[in-house]
Amino acid sequence: MNLVKGVQSQWWFCRQTSIASPQLSLLSTSPTDIRAMWLPLSSQLSRGAITRYRIDYRALEQVDHIYSVEVGGNETQVTLRDLKPNQTYQLRIAAGTRAGFSQSSEWASHHTPNLTQVLFAPTELKVRAKMHSLNVTWQPPPNHTQITGYKLSWRELDGEELPNEEKPMINERIQQIKLRKRVKHHEVTGLAPDQLYEVKVWAFNKQTEGYAAVWKGRTEKLTRVRTTDSLPPLPPISVRARANSSTSIWLRWEKPHFSNVRIINYTIRCSPAGIRNASLVSYYTSSSQEIFLESLKPFTSYEIAVQSKGVDMSGPFSSTVEESTLPDRPSSPPLDMQLSALDSYSVLVSWRPPLEPNGVILTYWILYTGNMSHPDHLWINLTHDGSVTSAEVQGLMSGTRYYFKMGACTEVGVGPYSPVKDVYTPPKKYGVYVYVKNLYIYVIHLYISVTFALVPLVDAFIQRDIHRIQGIQSTESNPWPCNTL
């Protein structure tokens, strides 16, 4: 009896766990990370609802040290961070149901970029699959200033998603186009319905080509003629959005009250309010009636709508709701800080608002010092209203070099400071004149003093000469004075 129960338990476990694992696509957007992406398993291969995925990874130099990361069943990618540059890593994935995990996929290798390599993969690659086309959007890589343009390729992958030991055949008819640097979206047309495709996007310049961002997925199935029994599902109701932080929004909704179609999941459309650029529209998938939208921009209003999805069809989107993320500290400092010495004791500081204020600028902080080695708390800090873009700093010392930097402040706090610039206050303009004037007065005083000191001496010499002349004259008038006796 126990043997029968054991066999039944083993049979139930094997029946409830997945018979396959997804196929991994790997790329790096920086020298220290690896992004792993995969496609959800079909219902035939999953054998139940996928509740989670486990990703194992290890460095090729340390194969005995295996690390694991688990994500929810509605996720299709995860980014491994804080890895070593220029290293080979191996990754594998296993799909889990409530009965346990399937057998892990085979190890897939990926080499992280070297720090000296300059062209990383484009970020935020998203592909909207239609019946005969793929709408591809992406964002520039971190070092986008060094690129000349993009290249986009696509090819059809033959075969269904297969278990680990069976690899799909690849149709080598690869099509490729070259796009300008400012282009961040492209629609691939002329495709077959319900086919598996691989799309790659990478940057290039005159010297080299960068890492590719990769997507794999299927085009939509051929549309069937709809009857009254196969109408699309109604959109969700009571869609509610609430900002959770400066970069995230909680979104919740309810199922439609009436629907003759089983809803398997929901598609969420999110974009900055008023934006009509398709490259800025993001799509998310959720199997529950809520989702946590992350990696949004601070202090930005978003338009969000939700769509119900059935087995073979999608319904219309719900009414759009609008919600703004919370403010944050500025991400960038004030721009173009200029310094001009007005006179020996004051300096005019002018600037432009930061590119990413992340809120309403309440005040600007101007820090200055005569000693650049001082820590920030020893710099003199002046605050000015957030509506002004210039200020006069007074009470400075003449003939002194001052160092300035400044930051912008929202209700959350002050952002990063601008690069330090210096200005020199000129010396006093009348300093040399006073010195020459004092020297002239001193010379005059010296001349007068010497003159008055010499007057008695000159007078004595004159008196002596007068007496001498008088004596000579009296002698000449009576040469023999004794004869008068």
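Cβ atoms here come from the backbone N, Cα and C positions, even for glycine.
Quick look at what TrEMBL lists:
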type	residues	note
DOMAIN	18-115	domain 'Fibronectin type-III'
DOMAIN	121-223	domain 'Fibronectin type-III'
DOMAIN	235-328	domain 'Fibronectin type-III'
DOMAIN	333-428	domain 'Fibronectin type-III'
TRANSMEM	439-462	transmembrane segment
Secondary structure composition of the domain 'Fibronectin type-III' (235-328) [DSSP: H/G/I, E/B, coil]: 3 helix, 47 strand, 44 coil
Stretch contact, the domain 'Fibronectin type-III' (18-115) with the domain 'Fibronectin type-III' (333-428), Cβ-Cβ under 8 Å, 3+ pairs: no
Model confidence over the domain 'Fibronectin type-III' (333-428) (mean pLDDT, whole number): 95
Residues in the domain 'Fibronectin type-III' (121-223) grouped by DSSP into helix, strand and remaining coil: 3 helix, 52 strand, 48 coil
